[in-house]
Every structure is written in C-alpha cells, then in structure tokens.
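Colleague: First the structure, which I've put down as structure tokens, then a few questions once you've had a look.
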Amino acid sequence: MRTYSCLQLVIWTCIFHMVDNSTLQGKDSSHFLRRIVNLKKDEGKMLHRAKRGWMWNQFFLLEEYTGTDTQYVGKLHTDQDKGDGNLKYILTGDGAGNLFVIDENTGDIHAAKRLDREEKSLYILRAKAIDRKTGRQVEPESEFIIKIHDINDNEPKFTKDLYTASVPEMSGVGTSVIQVTATDADDANYGNSAKVVYSILQGQPYFSVDPESGIIKTALPDMSRENKEQYQVVIQAKDMGGQMGGLSGTTTVNITLTDVNNNPPRFPQSTYQFNSLESAPLGTHLGRIKANDPDMGENAELEYSIAEGEGSDMFDVITDKDTQEGIITVKQNLDFEKKMLYTLRVDASNTHPDPRFLHLGPFKDSAMVKISVEDVDEPPVFSKLSYLMEVDEDVKEGSIIGQVTAYDPDAMNNIIKYSVDRHTDMDRVFSIHSENGSIFTLKPLDRESSPWHNITITATEINNPKQSSQIPVFIRILDINDHAPEFATYYETFVCENAKSGQLIQTISVMDKDDPPRGHKFFFEPVPEFPLNPNFTIVDNKDNTAGIVTRKDGYSRNKMNTYLLPVLIFDNDYPIQSSTGTLTIRVCACDNLGNMQSCNAEALMLAAGLSTGALIAILLCVVILLTLIVLFAALKRQRKKEPLIISKDDVRDNIVTYNDEGGGEEDTQAFDIGTLRNPEAREDSKLRRDVMPETIFQIRRTVPLWENIDVQDFIHRRLKENDSDPSAPPYDSLATYAYEGNDSVANSLSSLESLTADCNQDYDYLSDWGPRFKKLAEMYGGNDSD
C-alpha cells in the first residue's frame, strides 16, 4: 500500500503543477469547477484545486486488484454542486455501469471488477452533471481516460516449446547455432516487467547463450560427431532483468552435430587373399574388400584403385556405390602355366575430401591383395581367332587348301585331333586331316553357285574328349573363266519392210557368270560358217554391246517373213570362252515412224486369199453352228411325256374298284394308269389309307416312256407293302363312317346296294354315260347268257 500511495502522490503532483501554470480568465467564478481527488480515503485528508469547468484528463488504476472492497478510482465534482443533493452525476463510456460505477450524489468512481492490462489498458469515459429538478446539464459533457498501470503478472514465453538445430562438427568456439526468442506480455514501457534475460540451464560446457539476444553458440572447440552426435540444451528466459523475484520460462533445444570429412578411410587388415581358376571368364568377381570410414554420407564415399605394378593389367577393382566395397575382377585371361601368384596393391581414397582437414594427413589407405591362380584342364587353343583361305574353283578333288593349328595349353600337352563340324558343311564339300589340320576338298567347286564356304573346325583332346574348342574357317572360291558369255535376255527383233540399208534395228548385250578381277570385255562377230550375211551385219560397239544393222533396202514378208542371224560372242579372259547366239528377226509392216503394225500373221492370211471380212464371217458361222449343236443336245435330253389316254377306247385310267367294304361314294380310290406304267415315280409318296390325304404339290417331272410294264407285278408289290405297313389299321378293326360324302351324279354303284337290289336290273343306261363307261356297259348290259 505504501508503493501505491506514493505512486498516486507523484501523479497528482504533476496534475497540480499543470493547474498552477494555467491562467484563469473571466469574471464569473460560478463557471469554475472544482475537482477533488481523494488520495487516501482512510486518512480523510483531501487536496483540492479550483479551476473553471471540468479539470480532469485521466485517472490511473493498477491492474489485478486483489482487495475485498471495490477499488477506488477518483472523484468527480463541480463548483455548481452546493452539497444540497440537487445535482446528479452520470458516467458513460467504456465499462460504465459494469466495470466502473459512480456515486450519483458524490461523484465517487469505483472499479467493480479486477482489471487486466494485458486485456485492455485504456478506458475512455464521459461525465455529466445534471440538475435533478430541471433535468438540465449544469456543465457540458466532458471526456476523461482511465489508464491501467501494469504489474509483473506474466512470465516470459518462448515462441516454440522445442527447437531443433544443427552445427558442423569441429566448429570453433562461438559458432552460432540458433537463436531462441521469448516474449513477455507485460508493459515494456513501464518498469522491468517485460525485460527478459536468457541463461542456459543444461548443455554446458558445450554451448552458451547470449543473455540479451538468445543466440546459442558453441562453447568448446573441435567437438567430434563420432564421439557424440546429439546434445540437449535447456534455455531459461527471466523478466525483471533477471533479478530475484522475476518470472521465468524455459525451452529445450536439440542440437545435432553434422558430419564433415575429417576422417580418412582405413582398411581393417593389411593383406587379403583370393583364388581364381585360370579359366575364369573376363569380369569374374574374385572377392570384396572394404575400408572403414567413420564419416557419413558423401564424406564416407570411397574410390578403389589398383596401383601401378604387378597384376594391374590382369585384374581390376570396381567400387560398389551401395556398400562402399571394392570388387576384385578378372581383366585379362589367366594362365596357370605362365604365372601362379599375383600381388596387388589396392588403394581406397575419399572422393570428397575437405581442404580444411588435409593437414590431418592423406585421406586414403592401402592394402595388399594376393591372388592365387589355380590350374584347370583347358580346351585346345587355336593359333588364330579365325582363318581365311582362298582356292581356285577348278582345283581337283582332294587338293589341300589350307591348314589350322591348335595346341593344348596345359602342361601335359595332350595330343589334338581335328574334325569338321558337319552342321556347317552339310554337302560334305571339305574335310580335314585329323592329325595335322590340313583342309582339303571332297567335291568339285563352283564359284558361281557358292562363292563362299563358311565351315567350323573342332579341335579335341584325345585323352579328354570333353575338352574341345571350335574356330570358324572362311573359304573364298576364286573365279576361273569357265563360263561362256550369252545373251542377257531374249530379244524379239523385227525389221520394217520399208527399212533402209545401214539402219540399226537392235542393240544386244550379253552376260557372263564369271567375275574376272579386271572386269568383263566381250566381242561380237559373225559365225565363221556365215562370214558375210547379205541381209544384216553385226557391228561391235566396243562397250560390251553390239548393233544389228540392215544391209539392203526393203524387205518383203511374202518372200521371207523371218530371218535367223547367228552371232559369235567371246570374252578376253583366260581361257577364252565363246558361245553362239541366234537372233530371230521378223519382217513386219511399219508406219512412217518405224512403229510395228503387223508381222507375218497377216501375211499368211492374205496369201490364202482371205480378207478380214471373210474371216469374221467364218467365225460367226462357227459360233452359230456351236449354238445349234448345244440346243439339239438339250432337246435330246427332254423326254416326251406319254399322254394319259392313248386312244379313245382306253378307259383304264379311271377304273374304280368296289370290292373294298370300307368304301363309300366319293371316297373310293381309283388307280392311276399313268402311275401303273411308271411305278417308281410314286415310290417316294406313300399315303395311308386310313387317313384323309393332304393336298400335296409335287414338282412335275418328265418320266421315261416304258411300253412294257408288268402291271400285275406292280400291284402285287404294292399290296405287299400295304400289308406290311405297321401304321395301317388291322383288318378286323371297326370303321365308323359318320359322313360318307355327297351323292354321286350317277346312281349308286355301291356293292351294298347291288346285293339288296333285284338281280334282274337293266344296265343299258351305262351306255349313255360316255366312252369311259363303255366297258362297264358291255360287262353288265346285254342278255343274261352273257
């Protein structure tokens, strides 16, 4: 309370000083207001000062009041107040009524709640003095401020609860690592409540912190990551300038030492031992070596190499980037018989050295690698990787064309035998001497059919047939002039009837299957048997071609329509080869430009006296004749259909049988006499007699006319088929006829009616029914004696 009273005294002293410097103007003292502030209400002592109008600017109040009573702020008063209770004081503005309350009679202001400067540090309010009787303001409304003074009630807080930082290892003292920051919500302009000081609680003696800036620095030189990589530092921030009683906050900083290349690689052992078969292929991995480097990442990347000296040309080392190992591989073919042991020096060095630490020594290490070569039974080795041989195509069978040589590289030097791989010489053109490797021919050679022969020779150890090797042999067949030149193509040559002497009618060229090294050279001459041809001559163009030239004016197709011209062709190689080719020259009719129009075919027709119109007429007659022959043949195949009634007396094709007891009037069946004459025509259409037949449309076909048909035999055969038909009803079945059809146009001919009628009936009326019933009238008509 002593501090609080002193603070109020200082504030009001400043206010009174301001009042003393003011000049009072005006004569009416009734317009002066008096503001009375009670500095200490309990003491009962009051300081007052008179001034015209309202004379306050601001009040001050400490935050976080913890008393039980309301906190007194100040008093409002005007000289118009006579103390008789006629004036009423009203307070409006920020917090009026809930935070700040006023005694409307006395003008005393109190804080009803505890205030927090960090929430709101300034309140603006307005004061009024009103006459209770008239309700009018005795003074104009005035504005004043209540400022909240700060107390140290907030501790410093860091922006992060946990910081993460890194610093390179081997850093010097004072190397900056990271800066931490703490803030205090108290008023930095009032006292030391917001003045923060940093200190280190954990992490010494490795790190330190600047008390004002919060920058963490290294405190020890040359800290090694390999010894310790992670550090945890605790930093404290305290207000009140770090004095006793100040509030504080802490944070944690995790610091990692990052790697630098300050360690050279080191082999864990000085000597390595590996073995290799002498037959190991190139690139075979013999073993791995590794140098250790405690650094990390690219600082630990290594490069292996073989130092110049023994074995550097026989072996190689490859760096495995994933495992940082050196892989020893075979670089050249090994030979146990030549060298059995190799000693190599392998170096391992850093690929990214740090110049700052080169003074520590060379960043590489060396180790010795010994490689022992083991003996194996090796296959024969040829003296060459491949052989090329040449031979003339006219050599005799059995001629030697070359030799291959192979040897056993082993110390035992086994005997070698040679053979030809027949898969490469299917025609068995060549063979080889099994002991000395001489290759010779088995068949005649022909360069034109096979200019090259590629065979494979196999060399095999006699004592160990599994040990063998092969080599390709390329045999080129050299050309011999053994083919005569001949025409390059077939020439269709003609000469116009109106040709002039000396006219070129054909240029010929030739071909030769041989291939002389100096190229072809051909010559053309007439054959010796006909050195001088009166019709044509051969002109050698000296460029491997020749021209056929006429020797007279005009040619006649009627006299000679074809000429044969033999040509002698020979080359200039050794031995000289020649051949004779014959040109067939036709005589043709040509236009003025020399284009062929017609040749000897028209000449023959004209000689026979046939014109073009006659030829067309002959062809037309031939076509008509062929058409007539085809029509006649077609008509012959048509067979004449036999008429249903041969004569008017033949009425057999409608004879009706009445001995079928199931028959009625219109359901009786009559035999078709045409069918009886051609029974096979109905074989495929069998109708059941116990059902009503359906209407069947059959294709009408022509049947051959058979004059001699055994109708009786046909009827018996058909009867037998019906008797054996399983679908026909049994003979003793009862047939019921509910409808027997319409009346016949004739009187009833039923057998039932005939039995019941008088035996003496007159059948003469049958003669009136026409020729179809003539036979029936003859059978039943006439006298009884008949």
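A Cβ is built for glycine as well, from the same backbone N, Cα and C atoms used for every other residue.
Per Swiss-Prot, domain 'Cadherin 1' is recorded for 54-158, and the stated evidence type is sequence analysis. According to Swiss-Prot, the domain 'Cadherin 3' annotation covers 268-382. Residues annotated as N-linked glycosylation site in Swiss-Prot: Asn21, Asn254, Asn454, Asn535. Annotation comment: Swiss-Prot describes 1-21 as signal peptide.
Thinking about packing and proximity, how do these listed features fit into the structure?
Modeller: Residue counts for the domain 'Cadherin 3' (268-382) under DSSP, split into helix (H, G, I), strand (E, B) and coil, are 10 helix, 53 strand, 52 coil.
In the three-state DSSP assignment, the secondary structure recorded for Asn254 (N-linked glycosylation site) is strand.
The secondary structure of Asn454 (N-linked glycosylation site), as reduced to three states from DSSP, is extended strand. Around Asn454 (N-linked glycosylation site), a 10 Å sphere centred on its CB holds 12 further CB atoms from the protein chains shown.
Taken residue by residue with DSSP, Asn535 (N-linked glycosylation site) is part of neither helix nor strand, so it is coil. Sequence-distant neighbours of Asn535 (N-linked glycosylation site): residues of the same chain at least 6 apart with a C-beta under 8 Å from its C-beta are Thr550, Arg551, Lys552, Tyr555, Tyr563, Leu565.
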Colleague: For Asn254 (N-linked glycosylation site) and Asn454 (N-linked glycosylation site), determine the Cα separation and express it in whole Å.
Modeller: 77
Colleague: Write out how many residues of the domain 'Cadherin 1' (54-158) are helix, how many strand and how many coil, based on DSSP.
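Modeller: Per DSSP, the residues of the domain 'Cadherin 1' (54-158) fall into 0 helix, 46 strand, 59 coil.
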Colleague: If I take every residue in the domain 'Cadherin 1' (54-158) and average their pLDDT values, what number comes out?
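Modeller: So the average pLDDT across the domain 'Cadherin 1' (54-158) works out to 81.
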